[in-house]
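Enquirer: Sharing the feature lines straight out of Swiss-Prot:
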- 24-44: transmembrane segment (TRANSMEM)
- 69-89: transmembrane segment (TRANSMEM)
- 95-115: transmembrane segment (TRANSMEM)
- 129-149: transmembrane segment (TRANSMEM)
- 156-176: transmembrane segment (TRANSMEM)
- 196-216: transmembrane segment (TRANSMEM)
- 235-255: transmembrane segment (TRANSMEM)
- 260-280: transmembrane segment (TRANSMEM)
- 316-336: transmembrane segment (TRANSMEM)
Amino acid sequence: MALSLVLGLALSALVIGIRPQVAVPFGLSVLGSALLGSLLLPVLRRWKAGQVIREEGPQSHHKKAGTPTMGGLSFLPVGLLVAGIGSGWDPQWLAVALLTLAYTVVGWLDDWLVIRQRSNKGLSAKSKLLLQVGIGLVFCGYLAWQGIPTVLTLPGIGALPLGWLFWPLALFVLVGTNNAVNLADGMDGLAAGMVALVLAGLGLTAADPVLALVAFALSGTCLGFLVHNHHRARLFMGDTGSLGLGGALAGLALLGDQLWALAWMGAVLVAEALSVILQVGYFQYTKRKTGQGKRLLRMSPLHHHLELGGWSEVQVVGCFYGLTALLVGLGWAWWHWAGA
């Protein structure tokens, strides 16, 4: 709870001090998300929408079995609604909202299958990837129709023309960010807190005031969710929340020409995803070479490696919050110094 409180106070001070015009939407999102979570919790308990824990996961997580999931339903609609009202239903808001909701539906379907089957197997990996790619292709089509510049901008350095290579990169960012947030959602408060910070960073460095408003509204709604998701969590966001948040992050970065900010400020999320890729790749490589698969980490993603090394959940979450906050601060300083 202390970590969530510190994070909330820090982000509130940041908003009021640097972007006071979004303070009201930010605050409304925090309060609305916390309230809707309180209303949704008993409903999810009645529906017996409890999380199924992986057998191969850390033993300490098995006691979390049965904790209500699908918590994304309690905070994503709040942030999107507040941002929609605040922006006057601007087309930029609509694009982010539809992308977020599309990925939220994929996550909800996965959560629903897990609950229905009482196993940790929801959508197959292939089915989920196909849906993620399909939604990503539609969004890329929208970006092309809007005629956005196919460049990679770095503050203080300039714009790197990518031409047609921009589109594979955009699709990779959409699908990759989705999965990075999903993988980071493995400890109480971890994904929600880190994403709240990265969203705030995107809001601070956004040139478009509408995108800044959307980013801060969604950052606030993540903070409100932490009321129920901090250690020991009473509500999990599930894939419903993590895939939706991943879509929002990627959509904001692509629309706002902020891929640099997403990569830099979200580097801990990137590390979480890379840890899984490296773990799987190294295991398969050593198994093919020696007949015996070996692991680089005790367990992936990275947060489980640290946990099995003796770190408590609170220590891991606090460390990842601190690293993300540092990256956001340095990213904002870089952007500010460059005069962007």
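The backbone N, Cα and C atoms fix where each Cβ goes, and this holds for glycine too.
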Enquirer: Go through the chain and flag residues at least 6 beyond the ends of the transmembrane segment (316-336) whose CB is under 8 A from any CB in it; none is fine as an answer.
Expert: 3, 7, 10, 155-156, 187-190, 193-194, 197-198, 200-201, 204-205, 231, 261, 264-268, 303, 306-307
Enquirer: State the residues, same chain only, that lie 6 or more residues beyond the ends of the transmembrane segment (69-89) and have a CB under 8 A from a CB inside it; answer 'none' if no residue qualifies.
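Expert: Residues 22, 24-25, 28-29, 32-33, 36-37, 39-40, 44, 49-51, 96-97, 100-101, 104, 107-108, 111-112, 114-115, 210, 213-214, 217-218, 220-222, 224-225, 228-229, 235-245, 248.
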Enquirer: How about long-range neighbours of the transmembrane segment (129-149): same chain, 6 or more residues beyond its ends, C-beta under 8 Å?
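Expert: Residues 95, 99, 102-103, 106, 123, 159, 167, 170-171, 174-175, 178-179, 243, 247, 251, 254-255, 257.
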Enquirer: For the transmembrane segment (24-44), give me same-chain residues lying six or more residues beyond its boundaries with a C-beta closer than 8 angstroms to one of its C-beta atoms, as numbers and ranges.
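Expert: Apart from its flanks, the transmembrane segment (24-44) reaches 8, 11-12, 15, 68-71, 73-75, 77-79, 81-83, 86, 213, 216-225, 227-228, 234-235.
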